[in-house]
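These features come from Swiss-Prot:
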type     : residues                                                       : note
BINDING  : ALA311, PRO312, GLY313, ILE314, ARG315, GLY316, MET317, LYS332 : ATP binding site
ACT_SITE : ASP367                                                         : active site
Amino acid sequence: MPRGLELLIAQTILQGFDAQYGRFLEVTSGAQQRFEQADWHAVQLAMKNRIHLYDHHVGLVVEQLRCITNGQSTDAAFLLRVKEHYTRLLPDYPRFEIAESFFNSVYCRLFDHRSLTPERLFIFSSQPERRFRTIPRPLAKDFHPDHGWESLLMRVISDLPLRLRWQNKSRDIHYIIRHLTETLGTDNLAESHLQVANELFYRNKAAWLVGKLITPSGTLPFLLPIHQTDDGELFIDTCLTTTAEASIVFGFARSYFMVYAALVEWLREILPGKTTAELYMAIGCQKHAKTESYREYLVYLQGCNEQFIEAPGIRGMVMLVFTLPGFDRVFKVIKDKFAPQKEMSAAHVRACYQLVKEHDRVGRMADTQEFENFVLEKRHISPALMELLLQEAAEKITDLGEQIVIRHLYIERRMVPLNIWLEQVEGQQLRDAIEEYGNAIRQLAAANIFPGDMLFKNFGVTRHGRVVFYDYDEICYMTEVNFRDIPPPRYPEDELASEPWYSVSPGDVFPEEFRHWLCADPRIGPLFEEMHADLFRADYWRALQNRIREGHVEDVYAYRRRQRFSVRYGEMLF
């Protein structure tokens, strides 16, 4: 290879990242127009397009590099010089952290995810820690209640870039003041002020005003979801002011916000429970989130004396799941062979996981990160898990002596399996869990997702008590399913027969059958019948299908119905 080529390659990679991020910003900047035009299908398409941008531009850069090098192989010293040149380009580069992840992606594509060493990749950042903590420009504006909170909120709302009419701005402002007074008290509220992000956060059918409520005793989140009426008028649906509520809004089971990456550091104060990876994931920088997630894993591994074990819960028929006992993620490997009743391929399973990545997860499907050639030290693997890996996934494992390499796996947020949760709780907690499970099914269905296997073991409970679906191998679109009523028996003997008295075709689903496994527990059955009996009726599911086919996009709320202003204060007049 001629000398000087290393710098050209480094510049080509960085220029490729510039092109990718420019398109990312272009798609993001269209969010306001899509919201104002209530073009909800364009919102969904933009989300998918933004996800695909990254891999598309990595592919373009890889092709450029193959042309530059004429397809010649490169030695280790050459690659190290490329990385050195790339590193020298970053000190004055504003998006250095994401640019490092882009370099990693190009390298992995070129070398088929092999030889992934810290010398060749930015496994940890090349830049000093202070750069991560520096906010490059003012990202928010302060508002003080010099003339009272009504005047303050009027200024905040009037500053918004939205061009639609408000349904009743005065009403919404009084709702917010009432909520803040109930939360803080009159005296504390008078001594507090707001800091509001310059950018609105767009997701699904809402535009979120995100701010910080700075009080005498500390800083709280200040989140206002702005929706549209059927007539295209704006209204504020609620006000959220706790870190738990904010954490759910920015949760790992939700679609990515249409907003800019520079806001990550600013958000950290109101989302103290979120890791850096989770913050980048929330705003749609999922590839850099993957880098940060891997860094968090390495840091945890360095500081613990734990071994990987099989994850608690009922063993899956498709996935082998393992974890570190104190770590908040699970690792999922597709088995070499599935249980006989699982008539599918590994490629089908991967396609299902990709569908979830691109689809609106409505707060009910866990996001995942996909890794290839994942290296584990044998000393970190319990003997029982090693035996299980070799038994269930040997075709995906390469033995390197002191290490093994797993050809492909997913990393996902760890939750308590719902079946275990239901065994451990009672009273109101049990009731809440059953309500959450039914709501999860409804919201998935409204988003055109049918889970397929609805057993409790395929759902998890988050630290905030939300129920989230995480087993995707049987997932499909609602519009692909044929929901049928079970025909009446022809003779009394039909109900006693081992085989059904009616024909069953692929894609047929009989909701009446859900009752057999969802209501078998006498503690759960009555609660389910009380709250979710309509899930056992085929006509309920067919009605949802009709709404989807008619193009209706359901509203998705990141909070409980009882928190909506229309429910809390609906009868109040201002």
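Glycine too: its Cβ is placed from the backbone N, Cα and C atoms.
Here the features listed in Swiss-Prot are painted onto the structure.
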residue	record	Cβ neighbours (10 Å)
ALA311	ATP binding site	20
PRO312	ATP binding site	13
GLY313	ATP binding site	17
ILE314	ATP binding site	12
ARG315	ATP binding site	13
GLY316	ATP binding site	20
MET317	ATP binding site	15
LYS332	ATP binding site	25
ASP367	active site	24
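LYS332 (ATP binding site) falls within a strand when secondary structure is assigned with DSSP. In the three-state DSSP reading, MET317 (ATP binding site) counts as coil. Here the residue listed as 'active site' is positioned 13 angstrom away from LYS332 (ATP binding site), judged by their C-alpha atoms. For the pair GLY313 (ATP binding site) and ASP367 (active site), the C-alpha distance works out to 20 angstrom.
When secondary structure is read from DSSP and collapsed to three states, the residue listed as 'active site' falls in the coil class. Summarising the ATP site geometry, the residues cited as binding it (ALA311, PRO312, GLY313, ILE314, ARG315, GLY316, MET317, LYS332) extend over a maximum Cα to Cα distance of 15 Å. Comparing MET317 (ATP binding site) with ASP367 (active site), their Cα atoms are 20 Å apart once rounded.
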